[in-house]
Structure formats: C-alpha cells, structure tokens
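The block underneath contains the structure these notes are about, expressed in structure tokens.
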Amino acid sequence: MDSARAPTEDEIAKFLATRTSSQMLQLMRCIKQPAAQFAFTAKLLTITPVKNTPPTVPEKAKKALNAFVGFRCYYIAIPAFKPWPMKKLSNLISLLWEGDPNKSLWSLMAKAWSNIRDQVGKDQAPLDEFFGIICPHLELPDPAYYLDLHGWSLGVNQEGDPTLLRIIDSKPASIGIGHINLALSVEDIITFVQKAGFAPTYTPDANDTSPTFLGQSLSSTFEVNHPANSIPAASQVDQARVAARNRRRAKRQSARELEFQEKLENDLEFKEKINREMDLVLERTPPAGPDPLPDFDFTPFYEGVNNLICEHMAMEQSNAGYPEGAHLFNDFGIDSSKAYLGMDNFATDMPDLIDYDAFRLGANEDVALPVFDDIAHA
C-alpha cells in the first residue's frame, strides 16, 4: 500500500486560510516545539486570505410601467397645467385618463418601454424621448392640443384650484386614424423606436413573441367613422361617469355657496342689530359737558337773603372811602345800647335815606316819617 502523500505548500496555505479562528487556536496548542510554533506563526502572517464570494442574489424583476403613469408623464406637459403644482393636477390628470379613448395604445407603449428598460437600463431609455418618438407616429394628440381635441376646458373654482369642465357638444378624439385597421404589437413599437435611434443597444429576443397586440376590424372602422357611432361605447360610459361626477361636484359647490351666503346674511343682520342698539344708547346718553345749574323755585326768604348779601357787599365796597376807625351805621359790631350820635367818629353811608328836617326844633309833628322796606317783611 502506498504511503500518505505529503501536502504541498499551496495545499497547506489553502487549508490554513480556510480555517476558523477556533480551529487555528487548536492547531497552535498541538504544536509543542518553540521553533515549530515560530515557523507556524510566520507562515500565518504570509498567507493571503481567501475571499468568500457571497452567493449571487438574482436581481429583482423591475415593475412594468403602468399605462396611466405613462399617460400622466406625457400629458403633464399640457401648457395650461404649467402654473399649477403637481398635487393640484393629480385629480385633473385622473379625470382626463377616465375620458381618454386611447387606453389600449398606452398599455402597449408602456409594455414596450418596460421591455427596453429592463435590458438596457433606465438611463439608456429616457421615457420622455420614447414618447416623443412613438406618440406622433401613432397620431396621439399633442399635449398642446389635447384639451381642445377632447372637449375639455380648464377653469378655476372659488377656492383658487384648477378644475376641468367638459364642453357641451364636443366629441372626443379616437385613436390614431392611420392605425385603426392595423394589428399593432409591442414588437412593432420597439422596432419603430429603434429605427428612430432610440435604445440602439437593445436586442429583441427572437423566441419571445408578445401576446399583446391591438387590432381593429373593418366593421370597427366603419363604426368609429360612422356619424351615428362617432363615440365608442367605452367612451360613452366614461362620459356618463364624468357627467355624474360633475353633477356631484356642482351640487357640493352649490351647497358651499348657499352656506356662505347664509353666513354672510347672518353677519350683516347681526351688524345691523348692533348698530341699532348703539344708536339707542347714544340717544339715551346726555351730551357731554358741565353739569347744569340746579333749578330752585323762587321763595321770598331766599330772595331776601340774596338781597341782604348783595347789599352788604355793596356797603363794604362803598365804605372803603371812610377814615380808618370810623363807626359806620351799618357796622354790626357796634354797641346797640349806645346812641349813634354819641359815638366818636360816627359816620353813615345813608345820607339820603333819613330826612333830618323832622327832628329839628319847632318841626311839624305831623310830618311823615321815612318808610323802611323791612317793616313790610317783619
């Protein structure tokens, strides 16, 4: 029997490089001689580590482009939509899609672009360039004329948001008239765009035949071009949906307008009520200014007090010319028991009040004495 073959250096290096850390520690413990341990350690330092290649994960298949997404990417360029942000146009694009009669064509175009993208990548297959080539070929309406051709009118509601209204007596455009009686497949679309220079590196799979195609018979052509059947049945259903939606929106808008009008009327009525109450308050409030003087009734007593005060003030003013220390007749501080004529410096401010002729010697005793006003009030 042949003896065991000694492993080569490459085999030893591969063996050591594929060991785990715990296995390497066990090998180190098995070597007892110091020289052998040194040689083993030096060998470990020179070994090139083996790179573990992770298992290849199959690339996840990309999601195919949705027909509505393709429609939105193409017709978002409608010139009337430029002033508005995308969040305000989302509902409008959905409304256009519901009434669009070319949904089958958009499904074919979306599938064709998805096949090209999956092979060459999204960077090598720009979606806007793809639509710019194939849409005019299929005679789809240009974004600049789409609203007019399909009977749509863009307006603004009371909230300032854009809104679409269907024009009465308008007939939506059908699919491309030049291709209405031809069978159209995904491969036909890919072949056309490649001839136009789009995605030249794409290689179609000869064994893959797409079951997706679009075809119209001559009878369908007659039905579309006949005046009595100018609108397809599907388009009529879409129009009925749009009309129902517009009626619901108009009803909600009318309710909002009625509510706003009622609120405005209530506010005006409340304002008028406040104004009337303020007018009543102003009428009842006396005018601003000094307090009026009290209206006292006339009585003889108050009239006599008033005359006495006024006469006393007049006497004080008229007595200002007499000498200082003179005893005046109207001085209430003099002694009543002492005769006026016996006073020194006696003076009176009533020279014309007393008739002294009645008191001279030999005077007529029947002479009339002066009359004093205060006797009548005694």
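From the backbone N, Cα and C atoms, a Cβ is placed for every residue, glycine too.
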| query | Of 235-256, 279-300, which range does Swiss-Prot call region 'Disordered'? | reply | 235-256
| query | Which whole number is the mean pLDDT over the DNA-binding region (60-117)? | reply | 92
